[in-house]
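Novice: Quick paste of what TrEMBL says about this protein:
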- 148-161: compositional bias 'Basic and acidic residues' (COMPBIAS)
- 1-133: domain 'BAP29/BAP31 transmembrane' (DOMAIN)
- 144-167: region 'Disordered' (REGION)
- 7-28: transmembrane segment (TRANSMEM)
- 48-67: transmembrane segment (TRANSMEM)
- 101-118: transmembrane segment (TRANSMEM)
Amino acid sequence: MSLVWTLIAGFLYAEIALVLLLVLPVASPYRWNRFFKSKFLALLAQQAHIYFFLIMGVLVLFLLEAIREMRKYSNHEQSGEVHLNVEMQHSMRLFRAQRNFYISGFAIFLVLVIRRLVTLVSAQANLLAQSEASMKQAQSATAAARSLMEDKKTEKAKEAGEDTTLNELSSLRRRVQGLTARVS
């Protein structure tokens, strides 16, 4: 394998490792989001679309090169006097072209997958933070409503106590008036 294809294969293996890190529950979405928002990655993120298109362009060029090589070696004419060594070399070149096609194709696919995974993990972290903030807000609103209801219950109890006192007082006044009317 030539140096270029070795580098592309190494890039593919690094992509596979990164996809596994993003997919497996190694770190929580909060940590990933904090990592994605770090100063170093913020500097890279300013130019991320350029890097993305540059990597995609290079990989597409190598994919097209692999397709060209596959087409070149797949149209092999069988002649009667072909030596076994020549045929094996031709088959080996076709195999390498196909291998290079798969390496570059999977590398392109994983670049797209990684980009989507990063956006989904960031969105999940943001949604989790929003839901946590909403839960805290709802809990504080519930606590405030309970305290208001407790205050209203005590006020109603006081009002009810005052009402019963007033009722007793008025009944005692009527009774006193009734007794004074009997005495006089």
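Here the Cβ of each residue, glycine as well, is placed from N, Cα and C on the backbone.
Just so you know, TrEMBL annotations are computer predictions that nobody has curated.
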Novice: Under the DSSP assignment, what numbers of helix, strand and coil residues are found in the domain 'BAP29/BAP31 transmembrane' (1-133)?
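Specialist: For that range the per-state counts are 114 helix, 0 strand, 19 coil.
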Novice: Please indicate, using numbers and ranges, the residues of the same chain that are 6 or more beyond the transmembrane segment (7-28) and have a C-beta under 8 Å from a C-beta there.
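Specialist: Residues 1, 35, 59, 62, 100, 103-104, 106-107, 110-111, 113-114, 117-118, 121.
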Novice: Of the residues in the compositional bias 'Basic and acidic residues' (148-161), how many are helix, strand and coil by DSSP?
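Specialist: Its residues divide into 14 helix, 0 strand, 0 coil.
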